[in-house]
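Participant: Please see the structure below; I have some questions.
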Amino acid sequence: MSQSHAPDARTRAAELREKIERANHCYYVLDEPEITDLDYDLMLRELEALEQAHPELATPDSPTRRVGAKAKGGFAEVRHAIPMLSLNNAFEQEGDTDRERFREVAEFERRIEQTLDRRTPVFSVEPKLDGLAISLRYEDGVFVQGATRGDGETGEDVTANLRTVRAIPLHLRGEGWPRVLEVRGEVIMLRKDFEAFNERARIHGEKTLANPRNGAAGSLRQLDPSITAKRKLSFFAYAVGEVRGGELPLTHSKTLAQLREWGFPVSPEVDTARGLDGLIAYYHRIGEKRDRLPYDIDGVVYKLDDYEGQRVMGFVSRAPRWAIAHKFPAQEQTTTVEAIEIQIGRTGAATPVARLAPVQVAGVTVTNATLHNADQVARLDVRVGDTVIVRRAGDVIPEVVRVIPEQRPAHTHPWHMPSHCPVCGSALLREEGEAAWRCSGGLICAAQRKEALIHFAARRAMDIEGIGERFVDALVDFGYVHTPADLYKLTLDDFLEMKRRADERDGTTPETVKQGKVATKWAENLIEAIEASKQTTLPRFLFALGIMHIGESTAKTLAAWLGSLAVIRRMPAAVLRVLPDVGSEVAASIAGFFAQKGNQKVVDALLASGITFSDETHPSPKLRQQLDLAVLLDMAGVNKLGPKSTKLLAERFTTLDKLLAAGPAHWVTAGLPSAASTNLEGFLAHEKNLKPLREADEAMRELLAAIPQASTAAEAALDGQTVVLTGTLASLSRDEAKERLEALGAKVAGSVSKKTSFVVAGEAAGSKLDKAQELGVPVWDEAQLLALLARHEGGA
Ligand SMILES: NC(=O)c1ccc[n+]([C@@H]2O[C@H](COP(=O)([O-])OP(=O)(O)OC[C@H]3O[C@@H](n4cnc5c(N)ncnc54)[C@H](O)[C@@H]3O)[C@@H](O)[C@H]2O)c1
Ligand SMILES: [Zn+2]
C-alpha cells in the first residue's frame, strides 16, 4: 500500500473507531444497539484490515484489540482472575464449494494442524448462544459471586441478580469439585420468554426488547434484582475460569460433562467433531436446526478439545487461537420500508405490515415484516422511506425492530391507521383499551369469510350441523360460498362436486369412490340441516350475523326492545344507544353494520332464501318513552347534562316541543344541578343549537311512524281495558304477560274491582279469583290469554 493513501486511511480509521466506540457504548453499556451486528462486524473488519495494511495507524486502545466495553456505574467491580476473552469470527465467503465458502474455518483448522503437527484434531463443537457472558464463582461448592465480562479484565458484580436465575445452581451437586471453581457461560432469554415479554409490553403500550440478547443483558444488569427475577432468564455453561484446590479433566468436552454432573445446564447441542469435515458437518447440522431451537444462536463455536493443545496455541490480544466462532447468516438486517399496509386476519384484526426492499435475513429473503399494531408503529415511529432493522428468528414472523433515525429521508410522515378495511371497505373499529383495530365487515370481508361462516353455522347461532372447519375451507376455497346467504343455494351436486375436489386436493380418495359408489347420505343430511336452519329466532339470527360486539345477550336485548329485524335495521346509533346494556360503541357497530351496502345485500339475500323468525314482535311500548327527550337531548350533545338531569327533563316535558314552549330558559332548567343548568341555558339560548335538535326530533318522528305499527291497531283492541293477573302462569312470567298486555294497550292492575275487564287466573290463584267471581268479573285461563295475545300480536 503506498504512503499517499495513508491520510485517507487515517481519516477512515478514525471515523471507524468513533463509530465503533459509539456502537460499543450502545450495545454493551446501554443494552440498546443502534445498528445490526452485521454492520458492526463489517466496520470492525474494515478497521482491522486498515490497521494491518498501515501498522502505524494501529493504536493500543483500538477497538480491534479490546473485548467489550468497560461498564459504568451501578454495580461493584469484579476483577477476573483469568480474563474473559472474546472469540475470533469466521464468516462465510463467496464460493461454490464448502471449502471455498468456509475458507476462514479451513485456515483456522490448518493452523492448528500445523502448529500441533497433528492430523484432524478433535474439537468441542457448540452452539454460539446469543446472550451475555458471565462468570460464576463457587467456593466450597457454594455460589459466592457472579460477574459480567465487562472489558474482559473487570466486570460488574451481578451476584444478586444471578441468584434469581433458576438455571444457575446455588450449591453444587455431587462431589469432587475444586475448592474454588469459576464456571463461565451465557445468560440467555428463551425465544418464548422474549416473545411473551414483548407481547405483554405491546398490549400495555410499553417499550419492547429489540432481541433476546438485549433482553438477557438488559434484564441481568438491572439494579433492582426483583426486576431481573420477573424477566425469565436461562443459562448454559460452556467454560471454566479459575480453578483452585482441585482438578478438572484434561479435555474441554470431559469438563463440560463434569459440569453437567455438578448441576450446570450445558446445551444439549454440544458435541465433539474431528477435523475440518467434522466442523463443517456440525455447522450444517446446527444451521439446519437453528430455527427450531428454543433460543437464538448466531453461529457455532469450535474449540480445540485438549487443554494441552490449547496451551500451545495460546492467545492473540483479545481472543484465543484455539477457538473460533463460525457465524451464521445474521438474524437482523437493515433495509428500507417501501410501504406500510394493513393485513386483515381471519377474525378481522388489522395488523400493520411493512413492505420492505427484499433483504436476506438468516438465510431467507424477507419482503414483509410485522409491525404488530398501531401503537407499536407509533412507538417506533416507523415511516415509509425509513431504513429499519428487521429481525427474523425461528418460525416467528419477521418483525421491524427499530428505525435508524439518521437515515430517514426528508419529507416523511408519521403513519396512521386507515379508517377502512383494505379488503372490504368497512370501517376499522377499535375497542376501548384494546391494542387491535378490527374490520367491522364480518359478513362481507373476504379476509374473514371462513371465520364468519363457521360462526354463522355454529350451534348457538344458526345451528347448522355438519359445517365444520374443513368443510368451510373447501366451500370458500373452491368459490362455492362467498357469504352465508350462498349456503342456502347449494345443491346436492354442488356438495358432491366440492367433496370430490377437496379429496383430490388432500390426496385422499375415499373407499366408496374406489368401489365405484358415491356416498350421498352426508350431503343429503347437510342440505336438510341447512333447510332446517331457516326456522330460527331473531336473537339467533342477529348473533349469527357476527356483528362486532354483538354477543347472544345483546342480540336478545335488541330483539326484546325492537321486536323485528325490519326495525332493528333502521335504527340509528343514537337510538340504539339508549337501550339497556347497549353502549355507544355497540350502537355504532350495529348501525354501522346495517348501513353497509354489502351487509344489506347479504341480509336481504338471507331473508329471500326463506329465513323466518318464530319470535318477531313489535317494538316494546316502553321504547317510545325511551326515545323521546332523552335521545334528543343526548343527540344534541349538551355538555355535562348527565343521565339524571336528562331523565328529569324528559319526565317533566315529555317532548321537545313542550320543552321549547316552556318559557324562559331558567324555568326549563329549574331544579337541575348548577353546571347542567348553566350549560343547558347557554345551549337553548342559540337558535343554531336548536335547529339540529328540531331536525333530529323530526327524523325521530318519521322513524317511529315508519316502524310497522301493527300494535296501533292491536292497541285499540285492549285499549281502555283493565286486566288483573293472579296465580302462576305456566308458559310465561307475570312480568312478561304484563308487558305483552300493556303492549296491546291494556292496563294491568293489582287488585280486582268492578271496573276490571277480566282476570287471568293461573295455577294456585287465590283471593283475587274469589273476588272476581264475587263481582261477576270474567275469568280467563292461560290458554285463553295466549290465544288473545297471539291473535292481536300476530295481526302485524
Ligand atoms: N450491534 C452493535 O452495535 C454491536 C456493538 C458491539 C458488539 N456487537 C456484537 O457483539 C459481538 C462481539 O462481541 P463479543 O466480543 O462478545 O464477541 P462474540 O459475541 O462474537 O463472541 C464471544 C462471546 O460469545 C459468547 N458465546 C456464546 N456461546 C459460546 C460458547 N459456546 N463458547 C464460548 N463463547 C460463547 C460469549 O458470550 C463470548 O463472550 C459481535 O457479534 C458484534 O456484532 C454488536
Ligand atoms: Zn374487511
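Note: Cβ is positioned from N, Cα and C throughout, glycine not excepted.
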Participant: Could you look at R10, R12, R149, R163 and say which one TrEMBL places alongside D37, L38, D39, Y40, D41, S86, L87, E126, E186, K303, K327 in the NAD(+) site?
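Facilitator: When TrEMBL describes the NAD(+) site, the candidate it includes is R149.
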Participant: Residue counts in helix (H, G, I), strand (E, B) and coil for the domain 'BRCT' (713-793), per DSSP?
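Facilitator: Counting residues by DSSP class gives 37 helix, 16 strand, 28 coil.
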Participant: By the DSSP assignment reduced to helix, strand and coil, which category contains D41 (NAD(+) binding site)?
Facilitator: helix
Participant: Hey, what's the Cβ neighbour count for K128 (active site, N6-AMP-lysine intermediate) at 10 Å?
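Facilitator: Cβ-Cβ neighbours of K128 (active site, N6-AMP-lysine intermediate) within 10 Å number 20.
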Participant: Give me the mean pLDDT over the domain 'BRCT' (713-793), rounded to a whole number.
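Facilitator: Mean model confidence (pLDDT) across the domain 'BRCT' (713-793) is 82.
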Participant: So among K128, C421, C424, C445, all listed as recorded positions, which is physically nearest to R149 (NAD(+) binding site)? Use the C-alpha atoms.
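Facilitator: Going through K128, C421, C424, C445 one by one, the closest to R149 (NAD(+) binding site) is K128.
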Participant: So of D37, D39, D41, which of the binding-site residues has the fewest other Cβ atoms within 10 Å around its own Cβ?
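Facilitator: Per-residue Cβ counts within 10 Å for the binding-site residues D37, D39, D41 bottom out at D41.
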Participant: Have a look at the recorded positions K128, C421, C424, C445 and say which one has the shortest Cα distance to D39 (NAD(+) binding site).
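Facilitator: The answer is K128.
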Participant: Check the recorded positions L87, K128, C445 for any whose Cβ is under 6 angstroms from an atom of ligand 1, and report them in sequence order.
Facilitator: L87, K128
Participant: CA-CA, which of the recorded positions K128, C421, C424, C445 lies nearest D37 (NAD(+) binding site)?
Facilitator: K128
Participant: Determine the binding-site residues, out of D37, D39, D41, L87, lying near ligand 2 in the sense that the CB is under 6 Å from one of its atoms, and give them in sequence order.
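Facilitator: From D37, D39, D41, L87, counting a Cβ under 6 Å from ligand 2 as near, there are none.
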